[in-house]
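Participant: Have a look at this one before I ask anything.
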Amino acid sequence: MTKAILVLNTGSSSLKFSVFEYDTASDLHLIAKGQVEGIGNAPHFLAKDHHGQILADEYWQDAASIDHAHCLLAIANLLRTKYLGIKLLGVGHRVVHGGMHYSAPILLTPGIINALDALSPLAPLHQPHNVAAIRAVAKAMPEMPQIACFDTAFHRSQSEINQLFGLPYSCFERGIRRYGFHGLSYEYVSSVLQQQEPEVAAGKVVIAHLGNGASMCAIQNGQSVASSMGFTALDGLMMGTRAGRLDAGVVLYLQQQEQLDVRQVEELLYKRSGLLGLSGISSDMRVLLASQEPHAQLAIDYFVHRISSELGSLAASMGGLDALVFSAGIGENSAIIRQKVCEQAQWLGIELDHQANKAGEQCISSMNSPTSVWMIPSNEELMIARHTRKQLGL
Ligand code: ADP
């Protein structure tokens, strides 16, 4: 009988899942993954096994009736029919916000689920959907242990200084502080570095998680020291459609002088800014790199510029830099973006090995580079599955 852990990553209009086989003798093995995209609009269920063979590819009608519960049922049915006799040991959830108190993965109880729901105002675009999926599992499979793994948890090792804003201290006490995100990705990449290059991992490391959402994290001795993302996932680097660092006065100006209401500002900052907003073409880095339009180039240049400035700031927070690691969609796949970032970071002792970079090798700095550079693919799902296994005592 196959024993497995189900990992869920729920967004506003998507539910991604991965299924890992549990085997006492070894690490967890991915056996299937997939997603429902377009929830609420035009739902599309796609699932593949670990060889990339399609297990399901369905466009669902009656979009209005498709919620997380419906998606879960479809996933459970798929697992039952494609993996006869499969036994789910537990469900691990990516939960975006753990607030001030949840600094580690946790076995969910009704009380904790309510507490996570209460954190929704801190991450209104993500947290309610994370909680909805947890409740849907609890309803469909009441006996199933569920583990919440937080994107913010990895950063709770940061000093108070690195979590502060220059606001009245009472704001900090009320929870208006820098939380940091992408923690599961940093934890995974950092664990790979620790396993494969322990000497590097023991030093001052910056990991650049450059996906659609993008952030950077300073890590010393495997612990988060500072992060480019702050109170929400809007801060720091410019992203696919998010503005990144912004003078708060701009928000006031948009509201007071241009009469945008709160929803319009939110939409502008989260959905219409970033690579998309600056280029006017696309939020997809591949499209911009292939484009001859001057604004596509401008967007790429500003993206790289923001990474360079955050790199300087994060190196300052550790008093130096021993290694830079690229990860996530852009960081893993774009040799040209890695090259541009490294060119601007020569002052930090970075010297790229161009051939290794183009070949996408793990170590991409030259032999003589005082600061080493790495490319390590992220795997947040595996990190969640590992935490889930640990919390289940397996
Ligand atoms: P997220 O998980 O945050 O949605 P990903 O980590 O999947 O995002 O990254 C998506 C980004 O990676 C997109 O901007 C996409 O264009 C970019 N990307 C993927 N492959 C490449 C590539 N070969 N070259 C440049 N960018 C790429």
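The backbone N, Cα and C atoms fix where each Cβ goes, and this holds for glycine too.
What TrEMBL shows for this protein is this:
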ACT_SITE  Asp151  active site, proton donor/acceptor
BINDING   Asn9, Glu380  Mg(2+) binding site
BINDING   Lys16, His209, Leu210, Gly211, Asn212, Gly213, Asp284, Met285, Arg286, Gly329, Ile330, Gly331, Glu332, Asn333  ATP binding site
BINDING   Arg94  substrate binding site
SITE      His182  site 'Transition state stabilizer'
SITE      Arg242  site 'Transition state stabilizer'
Participant: Just checking a number: largest C-alpha distance across Lys16, His209, Leu210, Gly211, Asn212, Gly213, Asp284, Met285, Arg286, Gly329, Ile330, Gly331, Glu332, Asn333 for the ATP site, rounded to a whole Å.
Facilitator: 23
Participant: From His182, Asn212, Arg242, Glu332, which recorded positions have a C-beta atom under 6 Å away from some atom of ligand 1?
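Facilitator: Those recorded positions that pass the cut-off, since their Cβ is under 6 Å from ligand 1, are Asn212.
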Participant: Taking just the CA atoms, what is the gap between Arg286 (ATP binding site) and Asn9 (Mg(2+) binding site) in Å?
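Facilitator: Per the Cα atoms, Arg286 (ATP binding site) and Asn9 (Mg(2+) binding site) stand 24 Å apart.
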Participant: Which whole-number value in Å describes the distance between the Cα atoms of Asn212 (ATP binding site) and His182 (site 'Transition state stabilizer')?
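Facilitator: Distance between the two Cα atoms comes out at 12 Å.
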Participant: Express the distance between the Cα positions of Leu210 (ATP binding site) and Arg242 (site 'Transition state stabilizer') as a whole number of Å.
Facilitator: 13
Participant: Using a Cβ cut-off under 8 Å and a sequence separation of 6 or more, which residues in the same chain sit near Ile330 (ATP binding site)?
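Facilitator: Ile330 (ATP binding site) has long-range Cβ partners Leu210, Gly211, Ala214, Met285, Ile337.
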Participant: Want to know which recorded positions, from Arg94, Asp151, Asp284, Glu332, are within 10 Å of Asn9 (Mg(2+) binding site) at Cα; which are they?
Facilitator: Arg94
Participant: Please classify the secondary structure at His182 (site 'Transition state stabilizer') using three-state DSSP.
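Facilitator: DSSP assigns His182 (site 'Transition state stabilizer') to coil.
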Participant: What's the number of neighbouring CB atoms sitting within 10 A of the CB on Asn9 (Mg(2+) binding site)?
Facilitator: 23
Participant: Within 10 Å of each Cβ, count the other Cβ atoms and name the one among the recorded positions Asp151, Glu380 with the highest count.
Facilitator: Asp151
Participant: Can you figure out which of Arg94, Arg242, Glu380 (the recorded positions) comes closest in space to Glu332 (ATP binding site), comparing Cα atoms?
Facilitator: Glu380
Participant: Would you mind listing, in sequence order, the residues at least six apart from Arg94 (substrate binding site) in the same chain with a Cβ closer than 8 Å to its Cβ?
Facilitator: Val7, Leu8, Asn9, Thr10, Asn130, Cys149, Asp151, Leu184, Glu380, Ile384
Participant: For Arg242 (site 'Transition state stabilizer'), identify the closest of the recorded positions Lys16, His182, Asp284, judging by Cα separation.
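Facilitator: It is Asp284, whose Cα lies nearest.
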Participant: Please list, in sequence order, the residues in the chain of His182 (site 'Transition state stabilizer') that are at least six apart in sequence and whose C-beta is under 8 Å away from its C-beta.
Facilitator: Asp151, His209, Gly213, Ser215, Cys217, Ser227, Met229
